[in-house]
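This report refers to the structure that appears directly beneath it.
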Amino acid sequence: MVLSSPHSPRLKYLSLGVLVLQTTSLVLTMRYSRTLKEDGPRYLASSAVVSAEVLKILACTLLVFMENNFSVRLLKEEIVNKPLETMKLAIPAGIYTLQNNLLYVALSNLDAATYQVTYQLKILTTALFSVSMLGKRLGFYQWLSLLVLMAGVTLVQWPTESEGDSEQKILTAGSQFVGLMAVLMACVSSGFAGVYFEKILKETKQSVWVRNIQLGLFGFVFGFIGMIVYDGQSVSQSGMFEGYNTITCTVVALQALGGLVIAVVIKYADNILKGFATSLSIIMSTLISYFLMEDFSPTSLFFLGAMLVIAATFLYSNEHKPASGGAIKV
């Protein structure tokens, strides 16, 4: 079966722009929430993951109701009456839940520069899974753009000697290894789950919001089980909302919004372009850190890397594909 992509380029790049803004805001607020010094205990990462899934389910349910005159018939037909279709989302939901928790582990054990550079490997894993699972064909310049992007992001996030020295004193070799393994596993899981979800979305006519409800339901179950297993004692003593404040709620809301935006991007664009949007958001976060938070000093490597990333983005999006290149064989 061959599926084409008739969606307008304007809608594609609008969704990518929204994803860049959402990812940038999430990076800044999450980093702030994890480094903010407070008198009380810090919020549980597993609890934030579960809360984001619940909020995403509620938002998607409301959107489905609005599209169907607040009738529950569609939800019953697509979710309850089609259990096999619903079960297809269990695999990506479980992987996404694992990935979200792995990122918290990575951020707790790696400095920001190392984390951001390493996590961009998900672009390459996504491309490989897109080729192997979707039969997508990338042109020479698209493969070249992936290599240029990797080089650019590496230069942008390359740690300076002062940053490395100060953080190296805090981090131990063991914690660095744990963080590295966590982010590498997150890269592989992100690529596989994203392409798997893209395949499901593009081979069916089911509403993207219904698919997100199904994804969120499994994500909630897996996330709740993980929270009980790893943080059950803290939850039983102080509740799952211990340490929540305005910043925490903002992080949860941005995470939930990210799931919706990514679903739209996957529907109207593809996972590799989603990876480029994430890379651009890292550069925006760095610029905001310099001009507003004043905790970053740009170097010549930063400017060179930024130019490479921008060039790679245009190189990929302006690739001249063959006549059959606009279709995805599955």
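Including glycine, each Cβ sits where the backbone N, Cα and C put it.
These numbers come from a predicted model, not from an experiment.
Going by TrEMBL, these are the annotated features:
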{"type": "TRANSMEM", "residues": "12-32", "note": "transmembrane segment"}
{"type": "TRANSMEM", "residues": "44-66", "note": "transmembrane segment"}
{"type": "TRANSMEM", "residues": "138-158", "note": "transmembrane segment"}
{"type": "TRANSMEM", "residues": "178-197", "note": "transmembrane segment"}
{"type": "TRANSMEM", "residues": "209-230", "note": "transmembrane segment"}
{"type": "TRANSMEM", "residues": "250-269", "note": "transmembrane segment"}
{"type": "TRANSMEM", "residues": "276-293", "note": "transmembrane segment"}
{"type": "TRANSMEM", "residues": "299-316", "note": "transmembrane segment"}
Checking distant contacts: for the transmembrane segment (178-197), what same-chain residues at least six beyond its ends satisfy Cβ-Cβ under 8 A?
89, 91-92, 95-96, 98-99, 102-103, 105-110, 114-115, 118-119, 121-122, 124-130, 133-134, 211, 215, 262-263, 266, 271, 274
For the transmembrane segment (209-230): best-contacting stretch of 12-32, 44-66, 138-158, by Cβ pairs under 8 Å:
44-66
